[in-house]
Amino acid sequence: MSRPIDILLKRVCGHQRVPSDSKEFLEVTKRDALRLLENDLDRLLLSAMPERRASLQQEMARFVDLFRRFLQEEGPSIDWDKIQKLPENAVMDYSKLKSPNTDKVQMMLDKLVVVKLNGGLGTSMGCHGPKSVIPVRSDLTFLDLTVQQIEHLNKTYNANVPLVLMNSFNTDEDTEKIIRKYKGFRVQIYTFNQSCFPRICRESFLPIAKDCNVDKDIEAWYPPGHGDFYDTFRNSDLLKQFIDEGREYCFLSNIDNLGATVDLNILNKLVGEECLDKPVEFVMEVTDKTRADVKGGTLIQFENKLRLLEIAQVPKERVDEFKSVKTFKFFNTNNIWAKLDAIDRVCRHHTLNMEIIVNNKTLENGLRVVQLETAVGAAMKCFDGSIGINVPRSRFLPVKKTSDLFLVMSNLYNLKNGSLVMSPQRMFPTTPLVKLGENHFGKVKEFLGRFANIPDIIELDHLTVSGDVTFGRGVSLRGTVIIIANHGDRIDIPAGAILENKIVSGNMRILDH
């Protein structure tokens, strides 16, 4: 027989219809779940050092609010039949934006704050510490490139754009040590921490942490996604500081998106000569969806507001429609421009209402846990005058896997003032589709060990590599190249080899004598 809490979990996560005679029972169950959670959090708070108790109490109150909203969700937040066609002016074409006059750029930049989401670790790519310190190009890390970009802006236009890093408890300590090396640079760097929430047991819905000492049991805690940005940014007092300085907008992006640089044409639309009479409070940069992006969030019009639709919100029977490039043409790059005083308003009035992402995980000890998260782009519907801007693909260059690292380390891009610019030798603006086998190329150290240097890929369309494969120095890959070493076989691509529209399989070793 299922326990009440199991029924509740199935209902909330599975969005099952509940007969009316069960409603009262479920209401009691929900109240019990909330009460038990609050009791457990009170117990956890008692274990905290007295000087930390007040801030932790504030943090746990945010978690309780998230949990309460999770219990109250009745099903998918989108009624598919009520999705409206995007209004004509909802998504602007980037090519229609005008460049600002040079003499106005300093004034515009002094109204801007750059925020990078820096809470992630490099563990998925086999690295220790913050992902932002993985070397990506010429021994420069994501963080190095970001600082170089902003310093170049500040020097070129005699401006003072600050850089803000939103860290998590996983990355904060290491990041604070690393940013000391930038003291001589012309960039003011600020940091703040996003929330640290307790993971809850999937069976009991209670925290698995025994006390508030995060370092003692780091597995019991989690950073709740980047939707946490708004509240924690405001609570850090940095938001108030920047508003008091006369700054008006923040440009926020993932630190691993190497295409997310400050764009003066977009900024001109927000605070320059091209700005509209009614301020735009929220801009989401979107780009054309390809078959590689079918799971990415898209823009829809719903209840007369522009909002983000994620795949998790889509009914199962509509997933193919969601993935269609024809039906939904754009996807979210997670490059966001938001008005600072509007962030302050929605936080103060408690009108932020982002969809909850239920992230089920199994820990190393086999314990099944639930993480409740939110996404920063989901706040779009909470702001007035939100728009999308359809930007070139070059503004979306994330490094999530070693196949992405392969692209950004290659001659496909040139490095200029901390920004990656596609080589003029490339005949078309799209990037090659690269698939590197997880077993042999998934971790950065192993990936680097398989290349004497990154091949010339200026003329590459598609590359698939699987199995025990190594590449000599000065290899060129053109057109479609597929290299597959079967289990037990090894393929060594010799130095100077040119592979054009080739399939290589089996076993091939060329030994130097």
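Counting begins at 1 with the first residue displayed.
Just so it is clear, glycine is given a Cβ too, placed from its N, Cα and C backbone atoms.
Copied over from TrEMBL:
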BINDING   K131, Q194, G225, D256, K400  UTP binding site
BINDING   H226  substrate binding site
Q: Under 8 Å Cβ to Cβ from the residue listed as 'substrate binding site', same chain, six or more residues apart: give me those in sequence order, or none if nothing qualifies.
A: L117, G119, M166, Q194, N254, N334, T374, A375, V376
Q.
Using CB atoms and a 10 A radius, I'd like the single residue among the binding-site residues K131, K400 with the highest neighbour count.
A. K131
Q. Across the record's UTP-binding residues K131, Q194, G225, D256, K400, the largest CA-CA distance in angstrom?
A. 21
**Q.** CB within-chain contacts under 8 A for G225 (UTP binding site), separation at least 6
**A.** I357, E373, T374, A375, V376
Q. In sequence order, what residues of the same chain, 6+ apart, have a Cβ less than 8 Å from the Cβ of D256 (UTP binding site)?
A. G120, K131, S132, F142, P398, V399, K400
